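Novice: Just dropping this structure here.
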Amino acid sequence: MLFKQQALLRQKLFVLGSLAIGSLLYLVARVGSLDRLQPLCPIDSRFGPRSQDEIQLRALQFKRGLLHEFRKGNATKEQIRLHNLVQQLPKAIIIGVRKGGTRALLEMLNLHPAVVKASQEIHFFDNDENYAKGIEWYRKKMPFSYPHQITIEKSPAYFITEEVPERIYKMNSSIKLLIIVREPTTRAISDYTQVLEGKERKNKTYYKFEKLAIDPNTCEVNTKYKAVRTSIYTKHLERWLKYFPVEQFHIVDGDRLITEPLPELQLVEKFLNLPPRISQYNLYFNATRGFYCLRFNIVFNKCLAGSKGRIHPEVDTSVITKLRKFFHPFNQKFYQITGRTFNWP
């Protein structure tokens, strides 16, 4: 009888031991898999102690959800004070250009844990009524952030509005300015396509692109057409250079941002003096939409609105050729001023 009890006890101990070892092995494997799923700011003590910047960025990454609640207006003044949150004037502004990819650039930069974006276009500097409300009104339109984060806003109308350079200079003469450009003719057609879609939504008729882009009296490019004027990048940039040195501008290739976004984002990180944190993990190609979507972490992904990537109407090839020939000398001057060359016709 005693022998049977001892045998039964040994059997129970063996089962319990097996369960304990199995649980331990599962935990080890689980920790290993979780470690692999932390590509944004991985913690790895094998490489020595982390820098203060690394610790701050890790903290910011985990507080994204908290900031989101503050942006929705769900925080009390006491919560804001306790978390040391502030509404800062932007240290960088995406000033243009329209239909160059300003929204995509802003959303992609928001992948960086040290960047906080203003969700809406503020139109402070290009709107006389808003500008008259003063700089504190503008500040209160900014999102809550931590003091060591960079707030960025984008309003593409800034680039082409005459009063804006002087107004931004008066706010901050050392601010960093981002301009995202696309091949000028493609950008003009994209501009037209957006307006056309708005007209069609309201059941309104609209001229064909060819009739707007070409002056019917002279058969030359119609420089009075806003979509054409906006694409003469060098004319607008020269106005900005009266107030800011060229070193305070960074030119982003909007065409490349669509097809190969990471190298462009890494250049912006460097320009903004940010530690490199955006990686290929954060960007994945969505075949259905035809462009890259954003991955903030293993839970939260985001694609741009469905209105992005509209299909352009077919345009007469002779008109495209005429426009490219017209833009060519302006493009060459733009390359010369900015020090960046594009493969535009």
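Every residue gets a Cβ built from N, Cα and C, even glycine.
Keep in mind that TrEMBL annotations are predicted by a computer and have not been checked by a curator.
For reference, TrEMBL lists these features for the protein:
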TRANSMEM  12-29  transmembrane segment
DOMAIN    90-334  domain 'Sulfotransferase'
ACT_SITE  Lys99  active site, for sulfotransferase activity
BINDING   Lys99, Gly100, Gly101, Thr102, Arg103, Arg182, Ser190, Tyr292, Lys308, Gly309, Arg310, Ile311, His312  3'-phosphoadenylyl sulfate binding site
Novice: Excluding near sequence neighbours, so keeping only residues 6 or more apart in the same chain, what lies with its CB under 8 A of Lys99 (active site, for sulfotransferase activity)?
Specialist: Pro156, Arg182, Arg187, Ser190, Asp191, Gln194
Novice: Mean pLDDT over the domain 'Sulfotransferase' (90-334): what is the value?
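Specialist: Within the domain 'Sulfotransferase' (90-334), the model's average pLDDT equals 95.
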Novice: Across all protein chains in the structure, which of the binding-site residues Arg103, Arg310, His312 has the highest Cβ count within 10 Å?
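Specialist: For the binding-site residues Arg103, Arg310, His312, the Cβ with the most other Cβ atoms within 10 Å is Arg103.
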Novice: Does anything in the same chain, at least 6 positions from Gly101 (3'-phosphoadenylyl sulfate binding site), have a Cβ under 8 Å from its Cβ, and if so what?
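Specialist: Result: Ile180, Arg182, Val252, Gly254, Leu257, Ile258.
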